[in-house]
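J.: There's a structure below that I have some questions on.
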């Protein structure tokens, strides 16, 4: 069976956890392939139980599914253990969670540097979560990182941490006037934490490819979204990894030819957390309505999300750079009770119309949305389970988004619950 990639098609917070949870009962593996605890997934079970996951794949809530934290993820050991403990206290079986030996560990000095650098940046800050994600990826690229497998050899681990802190302490003390970290203490704390997860360390790329050879289905779950991709996003207001579909192969060890379906997650409107350009952002009562009705508060940061109308320019862009084959449209129910529902179909930049993603940072910062207005609907759609159950105007809205985005809207979320979903096409069915 093929591998399936599930990615956010906007600036994150699109509802990827709901999509993973919906598909989880029919797949054998769920893999998180990038990012760290700087993003969160919210899953609402049919029982009404609400789970917020930051590092562990959403498939952990589905019995029988093996979950993998892939090599592309940066893992904060303390956060991992806290999240595991929280799940276990609520009766969730976590035995089927594995961690790639090649994933990188997020260290205390990464968090310290992240926070102090962002603080000193002042008005030029990019809105980092302050959880050390960027500095950890910097060390990975500089070949100075600590990998999960290193905890299995205390001698190697101590050598690596001592070497890293020779430089990190210079930065913390001499540049930012902060206290130096003691290498022996960092090593001791990490080895103590490792006792809680080292039995989960595995050769993930081997296991995943063997699973595909056995015709098992592997779901590759990204965090954040396309417009936060370090290469394809609104740089520099991006994350430090590749949430796009290309990152799924690199961050899991599964070859690209194994991937046959790319399921993009789109919110029926647009949100963003932190700094950066946002052409359709609303500052009026409509923005307040979307924020309140949609419950737009970050799962990980607790920060209020900026809200705006649906942006078809970035949806079309996401379709292209990810090779999206299908879309899962979430939170359509939030748009009920609006007289009209605008869709951004293009931009004007210095008076010139464009329907494509601007090439430069300065251009997207100056982009003004060009709207097409569709009539709204007043009906409560949270009970709809078939496409024809939706009001005609809601169906028209979905079909117009589908046309503009350039990929089939196969699933539609009409509420937070797992069962509050309309399936127009089965994305797991053989093509």
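The backbone N, Cα and C atoms fix where each Cβ goes, glycine too.
Feature table excerpt (Swiss-Prot):
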type: BINDING; residues: 12-18, 40-42, 305, 331-333, 413-415; note: GTP binding site
type: BINDING; residues: 13, 14, 15, 16, 38, 39, 40, 41, 129, 143, 224, 239, 303; note: IMP binding site
type: BINDING; residues: 13, 40; note: Mg(2+) binding site
type: ACT_SITE; residues: 13; note: active site, proton acceptor
type: ACT_SITE; residues: 41; note: active site, proton donor
type: BINDING; residues: 299, 300, 301, 302, 303, 304, 305; note: substrate binding site
J.: Rank aside, I only need the closest one: which of the binding-site residues 38, 129, 224, 303 has its C-alpha nearest to that of residue 18 (GTP binding site)?
T.: 224
J.: In this structure, which of the binding-site residues 304, 332, 414 has the fewest other Cβ atoms within 10 Å of its Cβ?
T.: 304
J.: Comparing the binding-site residues 12, 15, which residue's C-beta has the most other C-beta atoms within 10 angstroms in this structure?
T.: 12
J.: Quick one: give me the count of other CB atoms within 10 A of the CB of residue 129 (IMP binding site).
T.: 21
J.: Near residue 13 (IMP binding site), which binding-site residues out of 42, 304, 305, 332 have their CA within 10 Å?
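T.: Correct set: 42, 305.
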J.: Could you check the binding-site residues 18, 303, 305 and say which one's CB has the fewest neighbouring CB atoms inside 10 Å?
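T.: Result for the binding-site residues 18, 303, 305: minimum number of other Cβ atoms within 10 Å at 303.
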J.: Which of the listed binding-site residues (38, 42, 224) has the least company, meaning the fewest other Cβ atoms within 10 Å of its Cβ?
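T.: It is 42 that, of the binding-site residues 38, 42, 224, has the fewest other Cβ atoms within 10 Å.
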J.: By CA-CA distance, flag whichever of 129, 224, 303, 304, 305 among the binding-site residues is nearest to residue 42 (GTP binding site).
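T.: Nearest by Cα distance to residue 42 (GTP binding site): 224.
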J.: Near residue 224 (IMP binding site), meaning Cα within 10 Å, which of 12, 304, 305, 332 (binding-site residues)?
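T.: The binding-site residues passing the 10 Å Cα test are 12.
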J.: Measure from the Cα of residue 129 (IMP binding site) to the Cα of every one of the binding-site residues 15, 304, 332, then give the nearest.
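T.: Checked the binding-site residues 15, 304, 332; minimum Cα distance to residue 129 (IMP binding site) goes to 304.
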J.: Across all the protein chains here, work out how many other Cβ atoms are within 10 Å of the Cβ of residue 13 (IMP binding site).
T.: 27
J.: Hey, how far is residue 304 (substrate binding site) from residue 414 (GTP binding site), Cα to Cα, in Å?
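T.: It is 22 Å, counting Cα to Cα.
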J.: According to DSSP, which kind of secondary structure is residue 332 (GTP binding site) found in, if we only use helix, strand and coil?
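T.: The three-state answer is helix.
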